[in-house]
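Quick look at what Swiss-Prot annotates:
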type	residues	note
ACT_SITE	H69	active site, charge relay system
ACT_SITE	D114	active site, charge relay system
ACT_SITE	S214	active site, charge relay system
DISULFID	C54-C70	disulfide bond
DISULFID	C181-C198	disulfide bond
DISULFID	C210-C236	disulfide bond
DOMAIN	30-260	domain 'Peptidase S1'
SIGNAL	1-18	signal peptide
SITE	D208	site 'Required for specificity'
Amino acid sequence: MVICNAIIVLLLAFNTLANPILPSSPNATIVGGQKAKAGECPYQISLQSSSHFCGGTILDEYWILTAAHCVNGQTASKLSIRYNSLKHASGGEKLSVAQIYQHEKYDSWTIDNDIALIKLQSPMTLDQKNAKSVQLPSQGSDVKVGDKVRVSGWGYLKEGSYSLPSDMYRVDIDIVAREQCNKLYEEAGATITDNMICGGNVADGGVDSCQGDSGGPVVDVASNQIVGIVSWGYGCARKGYPGVYTRVGSFIDWIDSKRSQ
């Protein structure tokens, strides 16, 4: 998720912001959550260069869904993924990346269209307890206010931390109205587009994704569908600023077109 220490900074009105709004950095974690148990988030992968820097979601044996800002400037030959493990640095299996597909209209300024696909060189072995694909929603589908979604990853456990947990964490959060979220972020100079969804505890804060969780899954608990991708926010779990996620339902046609190539 993009936060104060993220790589991509929206230089929106420097004098009006105490802290800049940023895409979730490649080193974020879950705030206010708990350690994931075996089988709870089997679709989660760790995207790695020399080590973990972003999350991703298993779509099938060859394809991974992640955030565009995670792969911005990256070269496929230097990337790998680890799957089938609750730890980002050990266990499971590592596979090399064959190709990166970043959305053509990704905007690093507004962080709109923050979605990318990764194709692997060799297939994953799925249908294991910690290695399963997730379902995609239909094109144009949207979340509803109050829907419960699960966010997972290896990001920082609190804002300002500089140490990644070795274990995967997860947290369940509620979807916040897009209109309400936009009003909150307008004051900070940012815009919530129709390609974004928001989630968290607006009144009290305390639960959110953070640096290092970027690119990871936001899954509807009831349907087990991937409805969001960890994208950006103002700090981590701050009161009055829910996390912002890519709305996957806006991009199903794009996903299908890339996977059919």
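Heads up, the Cβ atoms here are built off N, Cα and C, so glycines get one too.
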Which of these recorded positions is closest to C54 (disulfide bond) if you go by CA atoms: H69, D114, C181, C198, S214? S214
Please report the number of other Cβ atoms within 10 Å of the Cβ of S214 (active site, charge relay system). 35
Validating a neighbour-count step here. Other CB atoms within 10 A of the CB of C198 (disulfide bond): how many? 28
Checking the recorded positions H69, C70, C198 against D114 (active site, charge relay system) with a 10 Å Cα-Cα cut-off, in sequence order, leaves H69, C70
Across all protein chains in the structure, which of the disulfide-bonded residues C54, C70, C181 has the highest Cβ count within 10 Å? C54
Which secondary structure state does DSSP assign to C70 (disulfide bond), in the simple three-class scheme? helix
DSSP three-state assignment for D114 (active site, charge relay system): coil
Looking only at C-alpha atoms, tell me how far C198 (disulfide bond) is from S214 (active site, charge relay system), rounded to the nearest Å. 14
Return the residue, from the listed active-site residues H69, D114, with the maximum count of other C-beta atoms within 10 angstroms of its C-beta. D114
Which state, by DSSP, holds C181 (disulfide bond): helix, strand or coil? helix
Per DSSP, to which secondary structure element type does C54 (disulfide bond) belong, with helix, strand and coil as the options? strand
